[in-house]
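So that you can see what the record holds, here are the features copied from TrEMBL:
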type	residues	note
ACT_SITE	Asp248	active site, proton acceptor
BINDING	His10, Leu11, Asp12, Gly38, Lys39, Gly40, Ala41, Asn42, Glu139, Asp248	substrate binding site
BINDING	Asn183, Thr216, Leu217, Gly218, Ala219, Asp220, Gly221, Gly247, Asp248	ATP binding site
BINDING	Asp242, Thr244, Ala278, Arg281, Gly283	K(+) binding site
DOMAIN	4-288	domain 'Carbohydrate kinase PfkB'
Amino acid sequence: MRATVVGSIHLDWTLRVPALPRPGDTVLAGSRTTSPGGKGANQAVTLRRLGAEVEMVGAVGSDEAGAELLANFDAVGVGRAHVRVVDGEPSGIAIVAVDATGDNGILVAPGASGGLAPADVAAAEPALRGADVVLLQLEVPLETVSAAVDAARAAGVPVVLNAAPARPLPDALLAALDVLVVNEREALALAGEGAADAESAAAALLARGAGAVVVTLGADGALVLDAAGRTAIPAHRVEVVDTTGAGDAFVAAIAAGVGAGRDVRDSALLASAAAALAVQRPGAQSAPTLAEAQAFLAARERTAG
């Protein structure tokens, strides 16, 4: 299965804190680490671990961080022929604060990722046309996302969009999506007035044209809505170390299922397992391999039986 990811590539600075800061607070961190991140890169790495051949379309700066981010793609086997190095521009960074419970708060300075342009998508069209699934997020300009969606649809390639961070989306873009993946806050923000909860928000987004809507609900699992109806996906109770990589692991596993031709519900079950394994490990690129996710699901099924 071949996947092309169009999105952000950042270097994460992770700070371990006793509690997330509130407005006006100063909090001393117990430790600081740096590691590769960015929603696009995280999801690309997860897809690779799940067995896909992956091409990344993105941008990094001409700095040490950029070199580190490119080296990470090489180490994990993600293709980077369509990752542009922007002279004179810093690579994107994210400041990630993780508290004692594993919850996090994130600030992003996009850097070079903020300059990813439709021209970059045009240059990567062979990778889009040759994919079994195209995966996108909203940490890069919306016009670039739209260009990638248009190119994928023209080639008949399924499109999965993780609409994070949330921003207004035109109906034409929603209607071009095979699967929209959002968390509860993002679903409510995208649906606008009239949506009181995750399910009503998902229904509103489905009515606007998305092929399927998947809403992640944290410890409450996930909700899948499509033309066939509603399915609740249970979460798995595990010891949480760091939630930073959970959402990206979930999204990438959905895309892996779509690319392999699986039903979105089956894909969501695998995604739930991938997220459960990811939260037990530190860092944004903490996703499991396909074998690990399948073994986790099999063990849970035996226990339930």
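Just so it is clear, glycine is given a Cβ too, placed from its N, Cα and C backbone atoms.
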How many other Cβ atoms sit within 10 Å of the Cβ of Ala219 (ATP binding site)?
10
Near Asp12 (substrate binding site), how many other Cβ atoms are within 10 Å of its Cβ?
24
Pairwise Cα distance for Asp248 (active site, proton acceptor)/Gly221 (ATP binding site) [Å, integer]
15
Compare all C-alpha positions of His10, Leu11, Asp12, Gly38, Lys39, Gly40, Ala41, Asn42, Glu139, Asp248, the record's substrate binders, and send over the largest distance in angstrom.
15
For Asn183 (ATP binding site), the three-state class that DSSP assigns
strand
Distance from Leu217 (ATP binding site) back to His10 (substrate binding site), taken between C-alpha atoms, in Å:
25
Cα-to-Cα gap, Leu217 (ATP binding site) vs Ala41 (substrate binding site), nearest whole Å
23
